[in-house]
Structure formats: C-alpha cells, structure tokens
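Database features (TrEMBL):
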- G25, P26, D27, G28, G29, G30, K31, S32: ATP binding site (BINDING)
- 23-187: domain 'Thymidylate kinase-like' (DOMAIN)
Amino acid sequence: MTEYKLPSYLSWERPHPGFFLAFEGPDGGGKSTQAARLADWLREDDEFDVVTCRDPGSTPLGNRLRELLLERSELHPTLRAEMLLFMASRAQLVEDVIRPALAAGRVVICDRFLLSNIVYQGVAGGLPIDEIARVGQVATGGLLPDLTLVLNVSRDTAKSRIGAARDRLEDRPESYHAQVNKGFSNALDLMIVGPEGCPYYPSPMTTIDASKDADDVARQIRKAVANALRLGSRP
C-alpha cells in the first residue's frame, strides 16, 4: 500500500462536513466488491451514514448514459464524445447525490470518478490529460474525493476475473488495456503532476495491490480509510 499526500503548498481542507471516497483501478480489480465491503464495515459504527454510488450511473440520467457508454450497440462515439458523456453523467451525480450527501455529513463511497477518465480516455486513449482535467473541473464544480483508493491488478489476473462479462470498453484491444493498467499503476508518480508541477488530480491517494486475497485487500483498505477518518485501531 502506497500513500500520496499533497505537498504543503496544496493544503487539503474539505469544503464539506462529510467524507468522499472514490475507488479506482482497471476492470477486474475488485472495486465494486471492496466498495461494498467498506460500506458494510463503516456502517457497523453508528457514527457513519454511508451513501454508495457508481460513476457513471446512480441517477436516472446517469443510468441511461451508462447503458449508452458500456453496452455494445450500433453507436460508436468518438473518444472525445465518450469522455463528455462520462462527464455529463458525473455532473448529474455530483449535483443529485454526492454534494447533498456530503453537505449532510455523510460518507460517500463512489465506484470510479475523474481519475478513470484521465486513464481510459487520456493515458490509454490519447486525449490531452490537461483537457480532461479541465472538463472534469467544470463537470464536478471542482469537487474531488477526499481520498482516492486505486486498486491495481495485472491484466492477466483481471481477465481471469472478468471472464465473459465484457462491455464495450472491455472489447478494446489488449494494447489499450495494457495502457490502462500502466496508467493506474503510475497514478501516484506520473499522472498527478501536470505542467509546471501543478497536479492534474490534486486529491490524496492510496494505491493497493488488489491481486492479493480479498480479505487482505479489505484490510489494507480499512487501514487507509481509518487513517483518513482518524478512527484509531478499529479492526
């Protein structure tokens, strides 16, 4: 487990009373499973009111856009159109679900967020990362997770876990997915720093080896979250 903390000149102060967590990583890394496990663990403490969501999705508009983006169809959006559709879903999710929950002091756990676009359409797809980051800032109103958990796993392991459950993005060539894995693996030291030392993704981040046993991965996640929430030594 590797942690990235913002440099002192980018002091991190949450603009809301809640706490926003995002799970990131390549498909097959176990994000959805681990997000659900973390939510159950936090709910054991009556102090936390937990909201879970997925990006894209979790709103009526987001669910329609998710179908459009992930299902195989006769539609073939360009890479830039694809990125903008993801951003539209995220804009709705932030306004309808995430911001209200954070304002109410809840813990929000989101399956994917802006880092996925930086990797899938930027690192792997070739769109300028600074362009994606700027559009993302508009779509979210500047909101970023208070902690981003990146679950990394090899492509071979990911393929064995995904099996036949493939979507439109999974149908892309292996060379594309190799770049996706590389992007998430290098998230700490390559993707968070933009031109002139300004981060593309100025959010505290922890990377986790998700190839290990699911219980071990869950323990690493709980440790990172406990540190972020200052929970002490909760099991």
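Glycine is treated like the rest: Cβ placed from N, Cα and C.
Heads up, TrEMBL stuff is auto-annotated, nobody curated it.
Since the structure is predicted, the reported quantities are computational estimates derived from the model, not experimental observations.
Within its own chain, P26 (ATP binding site) has N152, V153, R155, A158, H177, V180, N181, F184 as residues 6 or more apart in sequence whose C-beta sits under 8 angstroms from its own.
The least crowded of the binding-site residues G25, G30, judged by other CB atoms within 10 A of its own CB, is G30. Of all Cβ atoms in the shown protein chains, 21 besides its own fall within 10 Å of the Cβ of D27 (ATP binding site). The residues near the ATP site, meaning same-chain residues not in G25, P26, D27, G28, G29, G30, K31, S32 whose C-beta sits within 8 angstroms of the mean position of the site's C-beta atoms, are L151, V153, A158, R161, A210, in sequence order. In the three-state DSSP scheme, S32 (ATP binding site) falls into the helix class. Fewest other C-beta atoms within 10 Å: among the binding-site residues G28, G29, that description fits G28. Confidence over the domain 'Thymidylate kinase-like' (23-187), given as mean pLDDT on the 0 to 100 scale, stands at 92.
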